[in-house]
Amino acid sequence: MVSAVTTMGCMKAAGVSLLLLYFLLNAADSHPNFDSSSMACGECSLGLNRLFSRDRPLYQCMGCCFSRAYPTPQTAIQTMAIPKNITSEAKCCVAKHSYETKVDDITVRNHTECHCSTCYYHKLI
């Protein structure tokens, strides 16, 4: 004979399972449907900065250039003060020409031309 307590326990477990299934399906459905391999960064070019383009357009350099990493040659490792097994090279999308402008009392740079060059944040000052 099945008691009422056993039946209630089964109903609670089924309810929790259905609720969990609902949340998982909802999360899967809200995830963007795209192929992650096609998310390559665009070519280095001027792009409209929507945050600062209120009364007039403000452009910033956006996009990718190239980067690569490879094993450091043994001869180079021996000459390093702090040996590193991996060497990396990178070029970033930076402004070739720009000028300062004010947007709501904030000084920003409006880029006029972009190119691939040394990444500033990799440089030692």
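Each residue's number is its place along the chain shown, starting with 1.
Even glycines carry a Cβ here, placed using N, Cα and C.
These figures come from a predicted structure and were not determined experimentally.
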Disulphide partner cysteine [Swiss-Prot] for CYS65, chosen from CYS10, CYS116, CYS119: CYS116
Disulphide partner cysteine [Swiss-Prot] for CYS119, chosen from CYS64, CYS92, CYS93: CYS92
Disulphide pairing with CYS64 per Swiss-Prot - partner from CYS41, CYS44, CYS61: CYS41
Rounded Cα-Cα span from CYS93 (disulfide bond) to CYS119 (disulfide bond), Å: 8
For CYS92 (disulfide bond), the one of CYS41, CYS61, CYS114, CYS116 that lies nearest, given that the disulfide-bonded residues are compared by Cα: CYS116
Among CYS64, CYS92 [disulfide-bonded residues], residue with fewest other Cβ within 10 Å: CYS64
CYS61 (disulfide bond): tally of other CB atoms within 10 A of its CB: 21
